[in-house]
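Participant: Pulled the feature table from TrEMBL, pasting it below:
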TRANSMEM  7-35  transmembrane segment
TRANSMEM  47-73  transmembrane segment
TRANSMEM  85-105  transmembrane segment
TRANSMEM  111-130  transmembrane segment
TRANSMEM  142-163  transmembrane segment
TRANSMEM  169-197  transmembrane segment
TRANSMEM  209-227  transmembrane segment
TRANSMEM  239-257  transmembrane segment
Amino acid sequence: MMEGILLIYVICLIIGVAAAFAGSLVGMGGGVILIPSLLFLYQYSDAFAWAVPQVIVGISLITMVFTAFASTISYVRNKRINLKIGLLFLTGSIPGGIIGAWLNQFINADYFSLYFGILMIVLSFLFLIKREIRTDDSPQKTPVISVFLISLLIGAISGLFGIGGGAMIVPAMLFLFGLSIHTATATSMFVILFISIMSAGTHIALGHVVWEYVIVFIIGAWIGGTLGAKANQLIDSNILEWILRLMLIVVGIRLIIEGLM
């Protein structure tokens with residue numbers, strides 16, 4: 001019995017580290033890795049019977065707080081974050097995150113895999129946006145109302161599905177402001193930190209959290225988030241982005257098929 005519980009903790013730790021590392025490296029929260037992993041375990045292992053969709057989303061967002069916090073500290077030290085643009089994005093994404101987290105309780109668990117699978121396919125195509133963007137920073141003027149509406153939508157999707165929204169935030173920053181990929185990635189993690197705090201708080205209030213497992217994910221998120229931010233300065237993120245894009249498509253298709261069965 002004790003060995004079984006320990007194994008569950010180890011699996012949760014590994015998922016937390018992997019999700020946070022990959023997410024921090026490319027400016028995402030890591031939910032696109034954590035959530036499908038737990039959905040798979042929930043469907044095929046009785047040991048993860050506690051991982052119902054609402055709980056998975058709650059855990060994902062709490063984990064994301066620590067992923068983003070660890071990453072943001074590292075990016076601040078290296079002066080990678082554009083605070084002005086980051087704060088502008090928060091004006092819409094914070095209320096959007098609260099709204100999305102509240103709407104999550106109305107999602108039918110039987111269709112969650114289908115909806116999340118479709119979202120993953122969409123996110124995989126959003127990554128393609130980065131290919132044509134230059135590497136130097138040249139901020140452009142963009143109407144505040146446009147930024148507010150886009151960030152509101154991103155925040156709502158984040159709170160609804162338990163993802164940080166980085167796969168949407170980064171392309172938005174690239175197109176709206178003409179930031180470099182590295183600055184957009186770092187600023188995205190800054191925004192994700194605050195979106196996750198507000199969305200996670202709403203899920204906690206709604207009781208969508210199993211605390212005995214959350215602690216393990218938090219430890220993994222801190223380790224993975226710190227390592228991912230450091231690796232961002234050393235590794236060509238384009239390579240990992242292609243791997244993540246393919247993974248999003250494959251896992252997304254699988255979730256859609258399972259959701260339709």
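Heads up, the Cβ atoms here are built off N, Cα and C, so glycines get one too.
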Participant: Which range out of 47-73, 111-130, 142-163, 169-197, 209-227 gives the transmembrane segment (85-105) the most CB pairs under 8 Å?
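Facilitator: Per the Cβ under 8 Å count, 142-163.
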Participant: Determine which recorded stretch among 7-35, 142-163, 169-197, 209-227 has the most C-beta pairs below 8 angstroms with the transmembrane segment (111-130).
Facilitator: 169-197
Participant: Per the definition of 3+ C-beta pairs under 8 A with sequence separation of 6 or more, do the transmembrane segment (209-227) and the transmembrane segment (142-163) touch?
Facilitator: no
